[in-house]
Amino acid sequence: MAELFYDADADLSIIQGRKVAVIGYGSQGHAHALSLRDSGVDVRVGLHEGSKSKAKAEEQGLRVVTPSEAAAEADVIMILVPDPIQAQVYEESIKDNLKDGDALFFGHGLNIRFGFIKPPAGVDVCMVAPKGPGHLVRRQYEEGRGVPCIAAVEQDATGNGFALALSYAKGIGGTRAGVIKTTFTEETETDLFGEQAVLCGGTAALVKAGFETLTEAGYQPEIAYFECLHELKLIVDLMYEGGLEKMRWSISETAEWGDYVTGPRIITDATKAEMKKVLAEIQDGTFAQAWMDEYHGGLKKYNEYKTQDENHLLETTGKELRKLMSWVNDEEA
């Protein structure tokens, strides 16, 4: 069973006694920086010259400096820029500013797990990753609650890495809800697998295949959209609240029977075998290297896939249908 840690297990004074740099000010960056600041921590935000986020961070009362200045000032450096550019930011702005006893923090383990960033031996390498988007992390903190976090230590140069990670997690409200101890390897591999096989890749492919099956059989795209995409939220919300049990308790017996007898025909042993191949490609670094090559090679295939799906009948149908739904915010669609 997982080890869980709460407020009583974490000493906030540890992180309060350090100087923290949050590199990046996106979804997670703003939540970490503001919540740490409100927890009495000395925080600065590191942003590159010309960053659009600088004005927002300063308006919210944070001091903004360049990433290299932030790294030079701080002894705890949390890297929260996108995965593909973390290694570049590290090499250009952080590496030469690290001192023995410093701590390098991450919100996701990809660059450490696959060796794109190789910290020196004298620094702690830690992870604190809230299991929720930044806006939720910040809102829960302000309301006196928290979002569960996972925490890990890859390199414990000082012998105090996990205590520091717990203290950091407490500073953003994580220990109010609970912190699960993990490893960089476990977090990275399971996170990538979940995204690819279930949450994003698996779900998107399932929705598209179902929609195409109905429309190719002559059913109206609008009806197919409702049945294969729109109503997915209703089911996922029930699963989110109470697992498969609550979902099955809430649906009709007809739907539940269809779940039992048809689900295994869609997700077959062959599907699971392919999932195992996907996991193996994550574990051996094939996916990570391919993604880095794609990103730094100009994102040609990425943009082709993106454009192809943007023009899919599912998407064009959905954009029109969502105009009928006053409760749906489709401003960014």
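Yeah, the Cβs are placed from backbone N, Cα and C, and that goes for glycine too.
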Among Gly134, Gly144, Gly146, Gly159 - the residue Swiss-Prot places in the same NADP(+) site as Tyr25, Gly26, Ser27, Gln28, Ser51, Ser53, Asp83, Pro84, Ile85, Gln86: Gly134
Entries of His108, Asp191, Glu195, Glu227, Glu231, Ser252 which, being recorded positions, have CA atoms within 10 angstroms of Asp83 (NADP(+) binding site): His108
Fewest-neighbour residue among binding-site residues, criterion Cβ within 10 Å, set Asp83, Glu231: Glu231
For Glu195 (Mg(2+) 1 binding site), the one of Tyr25, Ser27, Glu231 that lies nearest, given that the binding-site residues are compared by Cα: Ser27
His108 (active site) versus binding-site residues Tyr25, Gly134, Asp191, Ser252 - nearest by Cα: Asp191
Largest separation between Cα atoms (Å) of residues that the record links to NADP(+), namely Tyr25, Gly26, Ser27, Gln28, Ser51, Ser53, Asp83, Pro84, Ile85, Gln86, Gly134: 20
Rounded Cα-Cα span from Asp191 (Mg(2+) 2 binding site) to Gly134 (NADP(+) binding site), Å: 17
Confidence summary for the domain 'KARI C-terminal knotted' (183-328), mean pLDDT rounded: 98
